[in-house]
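A.B. asks: Feature annotation from TrEMBL assigns compositional bias 'Basic and acidic residues' to 122-131, 138-153. Here TrEMBL flags 122-161 as region 'Disordered'. Positions annotated as transmembrane segment by TrEMBL: 20-40, 47-69, 89-114, 170-190, 202-225, 232-252, 272-292, 304-324.
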Amino acid sequence: MDCSSDESCINKDEALHLKIAGIAAILVSSLLGVAIPLVFKSFNRTRVFFAGQCFAAGVILSTGFVHILPDAFAALTNPCLSEHPWEKFPFPGFIAMTTSMLVLFVDSMALGYYTRREGETSSMGDHADHPHHVHAHPSNDHSAEVSKVHDSQELEASAGSPTTTIKNKVVAQVLEFGILAHSVIIGIAMGTSNSPCTIRPLVGALVFHQFFEGLALGGCISLGSFKVVSKLLMALFFTITTPGGIGIGMIISSRYNENDPKALIVEGVFDSMSAGILIYMALVDLLASHFMSKEFLQQSWRHYSLGYLFLVLGAGAMSVIAIWA
């Protein structure tokens with residue numbers, strides 16, 4: 001089999017113009033998506049933001065299942081790879097599964113560690129505040145009011161507790177890693193292509209999902225209580241990774257062969273890892289942690305419907321884009 005790069009619709013000049021326009025468009029959409037939750041913090045508490053977050057979670061879920069995982073299977077089952085071991089075992093699914101379990105391990109270990117630390121700190125604080133263990137016995141009328149105030153204070157404290165903060169930080173960092181790993185691969189693929197027929201729909205797809213991935217990532221970063229410099233760096237890396245990948249692809253395009261076995265293995269492994277990370281993050285950290293939360297379960301059916309509607313719309317819209325890119 002001829003494993004040299006074979007593209008129809010070749011037009012290097014038009015492809016170059018599309019790549020330059022694509023870099024600019026993707027930069028703007030990525031920056032807008034990640035900046036909105038970081039700049040407009042009050043926006044994070046609005047219903048519009050809630051709908052946007054659900055839509056973005058649907059986009060990320062569809063990106064993992066419909067876009068990245070099939071690309072990983074296509075790369076690692078390519079006829080240009082040797083039959084052994086690539087055709088004898090479903091490596092993309094195995095790598096995605098293993099990566100998901102690894103993310104779960106990191107998630108649970110980090111939360112367990114900081115939960116234990118928080119418990120030890122609280123225990124020491126309680127002992128210092130109440131050295132003689134004196135117990136007051138308020139009247140029944142007053143005790144109900146005290147209980148309500150105490151419950152309210154506990155809810156407020158849990159929202160900003162160290163464990164919750166660490167959880168949000170881990171979510172933001174792992175989600176960004178998963179997005180960046182795929183962004184580099186897809187950027188290089190676009191940068192090395194000289195086919196306007198391939199690049200044109202890819203630019204539209206990337207502009208769309210970079211904005212909504214940025215919205216989801218920006219929301220996670222804003223909840224993670226990062227320092228300002230860390231927030232800026234995370235936003236910057238997200239914004240420039242795909243355009244940077246396109247630039248790298250443009251530089252190496254003259255000697256890059258997309259059907260080279262080494263390139264296929266690297267692409268397939270990274271795509272499999274990205275798919276595992278994004279699917280886990282979308283289902284567990286973005287959707288389950290929100291849709292199964294006590295706050296969400298106490299909401300009205302209208303709130304339920306709004307969340308599920310935009311989740312389905314996000315996943316559906318990103319799935320439809322797979323027809324073209």
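Every residue, even glycine, has its Cβ placed from backbone N, Cα and C.
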A.B. asks: Below 8 angstroms Cβ to Cβ, which residues of this chain, lying six or more residues outside the transmembrane segment (89-114), approach it?
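C.D. replies: Here the qualifying positions are 69, 72-73, 75-77, 162-163, 166-167, 170-171, 174, 268-269, 271-273, 275-277, 279-281, 284-285.
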A.B. asks: Do the transmembrane segment (304-324) and the transmembrane segment (47-69) come together with 3 or more C-beta pairs under 8 Å, pairs six or more apart in sequence?
C.D. replies: yes
A.B. asks: Mind pulling out the one from 20-40, 47-69, 170-190, 272-292 with the most Cβ pairs under 8 angstroms to the transmembrane segment (202-225)?
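C.D. replies: Stretch with the highest Cβ contact count: 20-40.
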A.B. asks: What parts of the chain pack near the transmembrane segment (47-69), using Cβ distances under 8 Å and only residues at least 6 beyond its ends?
C.D. replies: 37, 92-93, 96, 175, 182, 208-209, 212-213, 215-216, 219, 271-272, 274-279, 281-283, 286-287, 290, 306-319, 322
